[in-house]
Amino acid sequence: MGACLSAEQSHDTPEYKRSKALDRRIKEDEKNLSREVKLLLLGAGESGKSTILKSMRIIHHIPFTDEERENFRRLVFLNLVQGMKTILDVMEEWSIDFQDDSNIDHLLLFVSYPDISEDEPFPTNYLVALKDLWLDQGVQSVYRRGNEAAVPDNMSYYYTDLDRLFSPSYIPSEDDILRCRNKTTGIIETTFPLQDHVYRIFDVGGQRSERKKWIHCFENVTAVLFCVALSGYDSCLVEDKDSNQMQEALMLFDSICNSKWFARTSMILFLNKVDVFRQKIAYSSIKHYFPDYDGDDQDFNAARSYFKARFCRLNRSVNKEIYPSFTNATDVSLLKIVMASVTDIILTNNLRDIVL
């Protein structure tokens, strides 16, 4: 009897206090975990994944810091010169000459190019060269066939505004940042609060060499956002000029959608770059690349519905639904509407899983 403690006395022991503190911590962790929405942003290279992530930051009012804008400023310069270098290399490969022979004098600038220091204006000798080269019909002939050579699709946006970009006081606008290309290597995480939940979005490198790293993000994923460029139906891969972007995306979606890792994971399909797709179908035949397409090549609605159906048919699980949306990652207002619907889908499915 003397060895027995009353309930009141036992509450004062260090062991009891540690146990109660541990219980509180577990409950708090469970509460935080239930509030966390973990999204995996996947897709083949050039699909616009990183642009979607940047648009989400704008939508949810996560500003770009001064340091980030400075990094993007220097990236814009690299986008300008590397895009032109791609075209010049293809001109040599395809034996295409300059219309204006004097443009040969600019080639030395693209053997190597300077690293832009912090706050250093872009070199003005490149402004003259880029203007001259962009107007050359030899350059334009390659640009018009850019789908065959993985020419960046942001070039026309930047090259129509070179004077602004080369201004000594230039600071990238949100539109400049959205269109700035920077190959995703490894895993980039972005976190933001929304509707009493914390969203953690992981952008994973899309090129083939990056895909082996995806495995580290698979556990406890709430949803997969899979991004595909509709405009890639006639385009080659950056890393493999003999492979088609859309075919690559279809194969990748098949493996992701039907993976054991995602058996109970919501699958959100972003059919992206609808703006570029609408322009392309006016002159680039879908049937040439996808002979089973039986619609009018220039029928925008029929064409995009065809590709939506191609992806949805890959789902082999009767218990899994695909939620497709047509997007333009550089149109923040459109993406805001799409993301509102996506959020409803994710939270509804999340609640269903908790109940089950």
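Numbering starts at 1 and runs along the chain as it is shown here.
Each Cβ is built from the backbone N, Cα and C atoms, and glycine gets one as well.
Ranges compared are 189-194, 231-236, 237-242, 327-332, and Swiss-Prot records region 'G5 motif' for 327-332. Cross-referencing 84-91, 220-227, 268-275, 340-347 with Swiss-Prot places the feature region 'G4 motif' at 268-275. The stretch that Swiss-Prot tags with region 'G2 motif', taken from the ranges 14-22, 68-76, 176-184, 311-319, is 176-184. Swiss-Prot assigns the feature region 'G3 motif' to residues 199-208, out of the candidate ranges 159-168, 199-208, 279-288. The stretch that Swiss-Prot tags with region 'G1 motif', taken from the ranges 38-51, 52-65, 94-107, 108-121, is 38-51. Asn272 (GTP binding site) falls within a strand segment according to DSSP. Cβ neighbour count within 10 Å across all protein chains ranks Asn272 highest among the binding-site residues Ser50, Thr184, Asn272.
In the three-state DSSP classification, Asp153 (GTP binding site) falls within coil.
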